[in-house]
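Shown next, in structure tokens, is the structure this report addresses.
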Amino acid sequence: MDLTQQAKDIQNVTVEETNKNNSESIECSKITMDLKFNNSRKYISITVPSKTQTMSPHIKSIDDIVVLGMNLSKFNKLTQFFICVAGVFVFYLIYGYLQELIFSVEGFKSYGWYLTLVQFAFYSIFGLIELQPIQDKRRRIPGKTYMIIAFLTVGTMGLSNTSLGYLNYPTQVIFKCCKLIPVMLGGVFIQGKRYNVADVSAAICMSLGLIWFTLADSTIAPNFNLTGVVLISLALCADAVIGNVQEKAMKLHNASNSEMVLYSYSIGFVYILLGLTCTSGLGPAVTFCAKNPVRTYGYAFLFSLTGYFGISFVLALIKIFGALIAVTVTTGRKAMTIVLSFIFFAKPFTFQYVWSGLLVFLGIFLNVYSKNMDKIRLPSLYDLINKSVEARKSRTLAQTV
């Protein structure tokens with residue numbers, strides 16, 4: 001653009017350049033021109049970066065949040081929330097059904113780590129495919145951070161899948177519902193967050209409900225094993241940490257969901273492959289799955305596909321609304337999964353499941369309420385007493401009349 005021709009009608013041109021000491025590195029010079037037109041009262045401020053300033057090609061889309069090719073940044077916050085919630089529920093409900101279906105295959109329960117290996121392989125492929133349309137394919141999060149995230153992801157999904165060989169599926173899910181407890185602990189130690197009385201009460205309710213549910217399951221479930229409780233508890237701890245680490249890394253480096261999935265799961269695939277090779281667990285698993293390819297690899301593909309779509313929406317929730325909101329949404333989805341599990345798969349049932357589950361969800365409600373006290377106003381105890389007294393007076397008056 002010829003600046004001489006553009007400045008013919010300009011009355012004032014101000015050029016300011018600032019340089020620091022010669023010994024210091026030259027900072028980005030800024031040329032600011034105030035253009036005042038004769039027949040207009042408007043002022044135009046133009047900032048021209050110097051040649052030394054590098055312009056990253058992803059700056060224009062720094063706020064773009066793309067999930068499965070859909071740009072959520074075009075929608076308002078409420079619409080973004082409902083889209084993410086719908087995606088989480090639809091895909092993860094199918095995911096949960098397929099997960100229990102795979103472990104219902106006779107003889108498969110001891111191959112939970114191999115299922116995780118196949119799942120990570122599919123996730124890596126899906127992430128690579130989703131990354132192709134993006135022009136800027138540079139990795140933004142440091143490799144060391146991805147190694148940590150991959151390790152936590154392996155712990156979360158591997159231990160969770162393996163625990164199904166020892167636990168009833170609803171018991172595993174109810175443990176996952178209590179992920180808010182370690183998430184809160186992770187928020188305190190990793191991000192320095194502080195929680196109020198409602199959050200602490202929520203944690204207590206969930207803990208008591210979890211203990212009650214586990215005791216009920218141990219009395220009636222034929223395949224209950226304490227090893228499964230240990231495995232799923234370790235998975236919860238890893239899951240609590242990973243949510244906070246992902247939130248911190250994605251917001252700090254402005255990484256895309258597809259990048260997060262590709263690198264964390266591909267590195268995790270290497271971890272699991274090395275682990276299975278060293279423990280001689282790879283050969284028997286491959287032999288077993290080769291005998292039942294449709295019911296193993298076929299189910300695993302659909303299981304991984306729905307899980308990948310679901311995790312994409314979960315990562316979007318984390319990036320937009322934070323880890324705690326994302327966990328709350330996924331917890332509601334798990335409640336639906338428990339109901340569907342009892343409907344589609346035969347298993348023993350006791351009403352202690354219901355009461356303990358309600359106690360857990362009471363804790364979840366308290367946690368959500370603590371984050372939305374300005375929007376959700378519950379009546380105080382004093383208000384409830386006054387209302388009951390007024391109701392009694394009105395009844396007495398009505399009877400007198």
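For all residues, glycine too, the Cβ spot is worked out from N, Cα and C.
Quick caveat, the model's predicted, so the values are computed rather than measured.
If you compare Asn38, Asn71, Asn161 in Swiss-Prot, the N-linked glycosylation site annotation sits on Asn71. In Swiss-Prot, the annotation N-linked glycosylation site falls on Asn12, out of Asn12, Asn21. Rounded to a whole value, the Cα-Cα separation of Asn254 (N-linked glycosylation site) and Asn71 (N-linked glycosylation site) is 15 Å. Within 10 Å of the Cβ of Asn254 (N-linked glycosylation site) there are 17 other Cβ atoms, across all protein chains. Residue environment of Asn71 (N-linked glycosylation site) contains 11 other Cβ atoms, counted within 10 Å of its Cβ in all protein chains.
Taking pairs at least six residues apart, the transmembrane segment (111-131) and the transmembrane segment (324-346) share fewer than three Cβ pairs below 8 Å and do not count as touching. Counting C-beta pairs under 8 angstroms (sequence separation of 6 or more), the transmembrane segment (267-287) fails to reach the transmembrane segment (170-190), with fewer than 3 such pairs.
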